[in-house]
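For reference, the structure discussed in these notes is given below.
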Ligand SMILES: Nc1ncnc2c1ncn2[C@@H]1O[C@H](COP(=O)(O)OP(=O)(O)OP(=O)(O)O)[C@@H](O)[C@H]1O
């Protein structure tokens, strides 16, 4: 499987499209990977992708081709991202969630419920000696702000870069998922908090990009190694022509912001695919919140699948053409996925960071010394060393994010320590219970043994009594004999 899998999906014609424009469609299928599109000038354009899902394709086909390999990799510690892209009403949310996230009709279930089932079934079949957890976070990017869908009071989540240059959402709510049913309930709560507006194209049009983040962590009891895989699913807001949707006021502003972030996504893809070999190429990830969150997924350590959704109606040909051109461009992205494994924590602070870290730490610490108490600086210094914070010495952003980075790392290491403690407490509780039951077994045994010994003593005391009785009887007989036969009589 290539690192970036790009697929196109054509949904069936809607009843409105049939009514307004008849049954005419602009695509002519060649095979499962290619088709011909007849454009507005009646010219043929050939497209080919890793897979093309035509109108009759099933939700399960999409999961199996596009998501299943990524789910398997996430469990092995390889990050994965699945993105649905396309014009408003093209079928992105239908592909992602199904008609509804709690849909019970198996064939209609979307990618999300299938991914949840896939993750849990992979973990169920893994080694018993491995402790595993699945956590879920959900955010939406609405008007260039990242909102936590599990805690709406967190409406401007900051995006940070971690020690390994991974993207982190600072302070985002993470829900521990214990089983698939609970996972679907959580997803349903998050989805209910999404910003939805009405456009002429789709009455339930999503006006935000929705990002679902599953973190799968496995800790081996044998060698204490930890594998963490991040699986991100992104349901993008619809790309659309503003004039066609009749948007105005707030909806117009939303549409402009959506289009701006989708253009930023297009620019990132262009930069990733146009860069000359061996030459450092500037990738404009920071131009939008969307591209910043997807930085890992698009250029870095992730397997990515892009599902480009299209309406087959001739009335939407120009939007579909732009979606398919975007998809064709994305096919040329090269990513480099690798396993996120950390062995013993201290070992991981490798020499790779040692030289620049010392320089940059010193620079930042000097600045902090001017502003903070000596005690605070010492504390930060220790944290820098412990956490291996790496910052570019020439970066002006370094200082600003240093505090947040340290706090973030401290929180996550405290969380980890708390989890370890809970684990140890649980283990000790079980050991304590086992010891208590062994003690009561021993006490019972001792009591039984004592009773047994008393029982054994009984025959001895019995025989002593018998002997005493015997001697008393004998003495009594001698006394009687002497009484009956006095000595003179005998003579
Ligand atoms: N493959 C499909 N089979 C049957 N119905 C579909 C399919 N794809 C989409 N639909 C229907 O088309 C309509 C629009 O789809 P959907 O809401 O998924 O679009 P969208 O791309 O997410 O739009 P937006 O960007 O506005 O949220 C929905 O009523 C949905 O049920």
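Glycine residues also receive a Cβ, built from the backbone N, Cα and C atoms like all the rest.
A TrEMBL annotation is a machine prediction, not a hand-curated record.
As written in TrEMBL, here are the features:
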BINDING   86, 87, 88, 89, 90, 91, 92, 93  ATP binding site
COILED    411-445  coiled coil
DOMAIN    3-333  domain 'Kinesin motor'
TRANSMEM  462-485  transmembrane segment
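Known features from TrEMBL, placed on the structure.
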residue: 86; record: ATP binding site; contacts (Cβ under 8 Å, 6+ apart): 92, 236, 238, 239, 308, 309, 310, 323
residue: 90; record: ATP binding site; contacts (Cβ under 8 Å, 6+ apart): 11, 238, 309, 310, 311, 316, 319, 320, 323
residue: 91; record: ATP binding site; contacts (Cβ under 8 Å, 6+ apart): 9, 11, 309, 310, 311
residue: 93; record: ATP binding site; contacts (Cβ under 8 Å, 6+ apart): 84, 206, 235
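Taken residue by residue with DSSP, residue 92 (ATP binding site) is part of a helix. Confidence across the domain 'Kinesin motor' (3-333), taken as the mean pLDDT and rounded to a whole number, stands at 86. Within 10 Å of the C-beta atom of residue 88 (ATP binding site) sit 25 other C-beta atoms, taking all shown protein chains into account. Secondary structure from DSSP puts residue 86 (ATP binding site) in a beta strand. With a 10 A radius on its CB, residue 89 (ATP binding site) counts 26 other CB atoms from all the protein chains. Taking all protein chains in view, 25 other C-beta atoms sit within 10 angstroms of the C-beta of residue 87 (ATP binding site).
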